[in-house]
Amino acid sequence: MTTDTSGVGTAGDLDLVRRVADQLFATMTKVIEGKPDVVRTTITVLFAGGHLLIEDVPGVGKTMLAKTLARSIDASVRRVQFTPDLLPSDITGVSIFNQDARRFEFRPGAIFANVVVGDEINRASPKTQSALLESMEERQVTVDGTTYPLQAPFIVMATQNPIEMEGTYPLPEAQRDRFMARISMGYPSPRAELTMLDSHSARSPLDSLAAVTDAATINTVVEAVTTVHASPAVRQYIVDLVTRSRSTTALRLGASPRAGLHLLRAARAQAALGGRDHVIPDDVQTLAVAVLAHRLMPSSETQLARRTTAEVVTDLLRQVPVPSGTR
Amino acid sequence: MTRRRWRITLLAALATLAAVYPISSLFRSDAWLRDAVLVIALAAAVGLLLRGLTRSRLLTLFAQLVLVLYGVLALTVRETFTWGLPTAETVERLNVLGLQALETIQRNAAPAPLTEGVTVYLVGAVALIAVVVDAMAATWRAPAAAGLPLLTAYLITAANSDSTSAVRYFVVPVALWLVMLHTTARASFGRWSTTSATDVGEDGPASDDTTALRSLTAGAAKLGGIAVLLALVVPAVTWHAPPRYLTDGLARSTGSGGIGTVGINDTIDLRTSLLSTDPSPVLRYTSTGPATAPLRVFATSYYSSGEWRIARRQSEGPDRPVPLPPQADRREYIMTVSNNVLKAPRLAAPYPVVTPAIEGTSFTIDSVTRDIQVRETVDSYQVTYSVVNPSPDKLRSAGPPSSPDILEDDLTLPADAEDLIRRWSDEVTRGAANDYDRAVAIQAHLRDSTRYQYSLDLGETPQDENGEDLDPISAFYETRLGYCTQFATAMIMLARAQGIPARMAIGFIEGRREGSSNLVRQSDAHAWPELYFQGSGWLRFEPTVGRSGPPVYSLAGVDTPTSGATTDSGSTSNTATPTGSRRPVDEGDATGTATRTSWWEQWLSGSNLVILSALLVVALGTLLMPLTAWLTRNVRRHRAATRQDLVEIEWAALRSHLDDLGLVAPPGATLRTARERYITDGHLDADHATALRRVTATLERARYDRPERTTPQQTEELHRDIRSIRRQVSRTRAWTTRLRSFLWPTEGVSVWQGVWRRRSQALRRRR
């Protein structure tokens, strides 16, 4: 099967997806040890053309993950350390009057890169945050009436610290919705930690990391992923899940339609990573927590019960029946 | 061990043989044993073959049953087959044989004669036991359970023989059964080594195995020790009930027989010796009359397949004994019996009894034969009896026989020898003008020692041109050799052929004088005919060659010397008034109520029909749900428009079945999670896990991939896989669960629930 009349990605594209994914995975796990699931989700989000929010306590390797991914791709990488005094123009760029040319020149901000690593995004002022988030969604920047498109691929990997909340500006739900997925790193296993102490103490593993792919390849991959077949049953399943999240009493705010879209895109990438050209409910289930949990607002009962939205999503997955082919 | 399980099959067959072999002690002939060995071998061979051919245990059992039962029929009633297949005639024949078998075991003490009916049903039972043992031991690999049918086989003997069975009868089958257990257990142990359920201890797996084995051995030894102890102690301390008999058959015990009683068979088989040479005394008596009258125990008119049996009468016969002939023709005497050990309900007394005086038990008098039946054996009793001695002239002029105590059986000739009897009878009675002369001629003919010879040894039974044994009467005609039973039977049949009602009387001859009384021994047992003459009643004749004491009236015109002819000793009295429950026979309440109809006629009476139809309804009702499930599945399959639909239907059926078996996948489970759950909880082996993976892969493709990618081959494979998975999962469940899942499948139940819901909704709407 070399060509497909239904306009679906070719077997060659799928192979490419697999190959690139395997290479990325092999490279990244050299640095991020003992966290294969996190690495895999990261790659999935990259392939699905989404943005990633990494949320965890300090020192577990959030930034390291982002930087590792950035290094593994031969593409432009920018890193922004968010602080309260960071300005929107630092992100988007600014027009400066050039004395010699006697005209305004646009100097691109930190956002003009293939991979943008935003550290501690909740430390910036809401104004700055929204500047970033708008460009994330629109994939373009408008400064002084001129629109500048961003390069593809474009992935923002923002980190956030949920513990030290003093003097921070937590992302509003509406803005969190822009991130395709949120992942937590979690502590490494004792064995992984030991290995890390052995290998990382001398020098940073990042130094020896070589890029295994480039921007053009990633673009092809992202394109290929969008052609993965999602049957009516699977789409129905996503709709069922999203709808149920809006009616359940455990949540104050359910998932948005964008959440459904993101879930489908992520599931497609997951299917492609698994070497399939069609999505199955397992893909959806695998990513549901990562894709949905950060967009939902728990009801007061859920908060009182100290349950997280991730647990609520897991419950939803248990309750919503997987639709069969005939319906 | 291979699937065929050679060793265990052989052991099962041997154990079955060993368990049924003791049955030979219940019958006089071992002829059935050859057929039994054949069917046991057949059951084993068929089992071996089928286990090699199919994995389905039920199919194996079913085919085994059909083939082995066919084998039994082919061995026994092949003559009724058409084109090698059983016909309606076979069923009729089986029914006849069944009745025969039933009568044989009900009428005979062990060892019983081996009639054809008994052989057929005995071989059938052996076949059934063989199949069940083989199925349990080899097909289901549960030899422990096979002990039950083996025990059943053994109990047939143990429960029916009067004496204690030989130890080897028990030891041999049990030993074989234990070897069977051992073989299977060893095979199971051999399989265990591939999996390790427990953590390996510090000393390594080898020492663990040794420890486990040692503890198992110790446990088994303890159990065995306790079992042996119990086997010794329990019989020693428990009270032994008198032996009870299956269906009251074989050597019926009426409970009263103490030690030392003498039983007398209710059945007289002409093929074998009735007469025992046992000299043990039965009773002593003194009589006021001449000691020439034999003591009758009972009489019977029913002759069937070479045997005299006590037939049960329905409405035939009078309500009470018919009056005796007039006083002029008879004299009455009193007989006093002591030291009587004849087993109840029988009682010996000369015929006809006028008044019995029996103390210590209740008794009844048969209205037709005037047999006295007591509830319990009494040591001594007194009877007033008559000696009837009509004159030959009166007998010559007796009218045609007509009395309520003449039964239809009294004139019935056996079908298999009827022609011979008529020819023979006509020849013997040629020239005689009346019934009396004919009877006398028959007796004279049979008593002629130049023609007939008295012998307890009948020799080989002669055979007809087809090589089959002749019936006893024809055989007697051929060999001219016999003892009282043969002579009496011949006279009865020859008389019946002339239209004279005749019946068989069984009892003892007068015995030997010892001191002041006569002693009757068991070896004095005798049989003689009674012929009916109008006006004189039933009269005794004595056709046995060489036997003394034919009645005076039977010797008219015959020059045979009479020895000890009846002489009137003068003490003619019915004045003696014995004490106790004295009761004239004529007023006796007769209790001959049982009937002789075929068992199925009785069985198919009203209430049984109701029960039968109720059972039928219950059976149908039980199968309603499985049938519904099966039908629904097929209808849905038929209606499936696309391959996807078909695949979904198969999957839904599997899921519902697994649900019933207790394998529930959570509602939110995807195919893959459900599959993993089924594989773990259903204990699927590698093959079936692969099959299930194939199924879910096909299903996934059908559901989530593009529709055109599902191929018909995949659908077919899915169908096959699902069937094998169903079977495999079923096997791992408890039988109760399996039974429930079969009888109450959700698939079928939900259909009816749907029907009910729709109906109630419609009703509600109408209201």
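Cβ atoms are placed via backbone N, Cα and C, with glycine included.
According to TrEMBL, the transmembrane segment annotation covers B:32-51 (among others).
Nonlocal intrachain contacts for the transmembrane segment (B:58-77), taken as residues 6+ away from its ends with a CB within less than 8 angstroms of a stretch CB, comprise 35, 38-39, 42-43, 46-47, 50-51, 86, 90, 93-94, 97, 116, 119-120, 123-124, 127, 130-131, 134-135, 139. What TrEMBL lists as transmembrane segment is B:58-77 (among others).
Residues or ranges marked as transmembrane segment in TrEMBL: B:118-137 (among others).
Feature annotation from TrEMBL assigns transmembrane segment to B:144-160 (among others).
For B:166-185 (among others), the entry in TrEMBL reads transmembrane segment.
The transmembrane segment feature in TrEMBL is assigned to B:223-241 (among others).
The domain 'Transglutaminase-like' annotation in TrEMBL covers B:476-545. Confidence for the domain 'Transglutaminase-like' (B:476-545), expressed as mean pLDDT, is 85.
Summarising the annotation, TrEMBL assigns region 'Disordered' to B:552-592.
Marked as compositional bias 'Low complexity' by TrEMBL: B:559-577.
Long-range contacts of the transmembrane segment (B:609-631) within the same chain, counting only residues at least 6 positions beyond its ends with a Cβ under 8 Å from a Cβ of the stretch, are 742-745, 747-749, 751-752. Taken from TrEMBL, the feature transmembrane segment covers B:609-631 (among others).
If one looks beyond the transmembrane segment (B:166-185) by at least 6 residues along the same chain, the residues whose Cβ comes under 8 Å of a Cβ in the stretch are 7-8, 11-12, 14-15, 18-19, 21-22, 25, 137, 141-144, 146-147, 150, 153-154, 157. The DSSP breakdown of the domain 'Transglutaminase-like' (B:476-545) into helical (H, G, I), extended (E, B) and coil residues amounts to 21 helix, 30 strand, 19 coil.
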